[in-house]
Amino acid sequence: MIPSILVFYHYIPKNVLDSVHVLMKDANFLYFVIATLVVGSILGMHRVILVQGMIRMFVPLVVGTVTAVGVGLMVGELVGYSMYHTFFYIIVPIIGGGIGEGILPLSLAYSSILGTTPDIYVAQLVPAAVIGNIFAIVCAGFLAKLGSVKPTLSGDGMLIRTAEDNAIFNNLGSEGNGNTDFPLMGAGLLVICCFFIVGGLLEKILHIPGPVLMIVLAVICKYIDIIPHRMIDGSKSCYKLISTSLIWPTMIGLGMLYVPLESVVAVFSLGYVAVCGSVVLSMAIVSFFMAKYLNMYPVEASIVTTCHSGLGGTGDVAILSASNRMGLMPFAQISTRIGGAFTVILATMLLAAFS
């Protein structure tokens, strides 16, 4: 928001804005960041976590998400929003997987379908994601406190009630934290660019936005395990570089060019905040009460499902830190990345169908 405020009050010189415009739009740096974040994050997940974790989290994640959508639509109707606007511009950005993996591909998909520029949609989608992330962090802190008051509801960082299952995921979650392999980064960059190019080519045939097809291809290739592990390591190295070193410059550029202050302020209201809160809280409550039927601890199941409404990897860290349960990160990644990817795909298809 700070870069947007500075631009709004003309504190940033025009030549600086022009330079940022060349980098972000003319040089397609934003597209590069999107491709790296999306493909790198999916390929970087361990296949066992991707397969077994999706099975473990499928029921609470899907039921919680469907409930959140239903409750959000009802609250939106009560406060005066249309179902179309509530779903595509408030609910979807909250559960879309964050800025890089969710809102940016969504903005590209929306602009491709509706025929306008992505910056218009970024300005409308970002506020919902930010407010939803705040609710998720507060909710995680409350759940952690509940777990300390009623220990029978909490596994103290263990999601599943079987110790052997948790040992598998904890061991896998600690993998992939080695040093960045710079020679392999070139190979990883090639893989990421290939996914982006193939997605763009298939867009001409299937008439589905390229970024969405890129996500589908990455998930399929990771699931069937056809990409050499060294190439995957290179993609993970590229992802770590972008997510740790370049995400803040990218966010500054987004604030300067893609988030007009007047558009952001225009969407804020008590009703808007109420819709955002209802989406996050309903998701957390449903997964909490479902956990005992799935051999999971209610507190941990609710926290992991709540990560679906966080701001990507950054949101996962904030949510799990607030609840002091960083060991749940592998499950949180499934909730955020895979859940967000399917949200982006489904929302894009629905928007294309209703437009």
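Note: Cβ is positioned from N, Cα and C throughout, glycine not excepted.
Annotations in TrEMBL come from automatic prediction, not curation.
What TrEMBL records for 29-49 (among others) is transmembrane segment.
Under the heading transmembrane segment, TrEMBL lists 55-75 (among others).
Sequence annotations record features per position, and here TrEMBL assigns transmembrane segment to 87-108 (among others).
The transmembrane segment feature in TrEMBL is assigned to 120-144 (among others). If one looks beyond the transmembrane segment (120-144) by at least 6 residues along the same chain, the residues whose Cβ comes under 8 Å of a Cβ in the stretch are 89-96, 98-99, 102-104, 106-107, 110-111, 254, 258-260, 263-264, 267-268, 272-273, 276-277, 279-281, 284, 288, 299, 302-303, 306-307, 309-311, 315, 318-320, 322-325.
For 182-202 (among others), the entry in TrEMBL reads transmembrane segment.
Sequence-distant contacts of the transmembrane segment (208-226) (same chain, six or more residues past either end, CB-CB distance under 8 Å): 34-35, 38-39, 42-43, 45, 47, 50-51, 104-105, 108-109, 112-113, 195-196, 198-200, 202, 338, 341, 344-345, 348-349, 352. Residues or ranges marked as transmembrane segment by TrEMBL: 208-226 (among others).
Annotation comment: TrEMBL describes 238-259 (among others) as transmembrane segment.
TrEMBL lists 265-289 (among others) with the feature transmembrane segment.
The feature transmembrane segment is assigned by TrEMBL to 334-354 (among others).
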With the transmembrane segment (334-354) as the reference, find which of 55-75, 87-108, 238-259, 265-289 contributes the most Cβ pairs under 8 Å.
87-108
Out of 55-75, 87-108, 265-289, which stretch touches the transmembrane segment (238-259) the most, going by CB pairs under 8 Å?
87-108
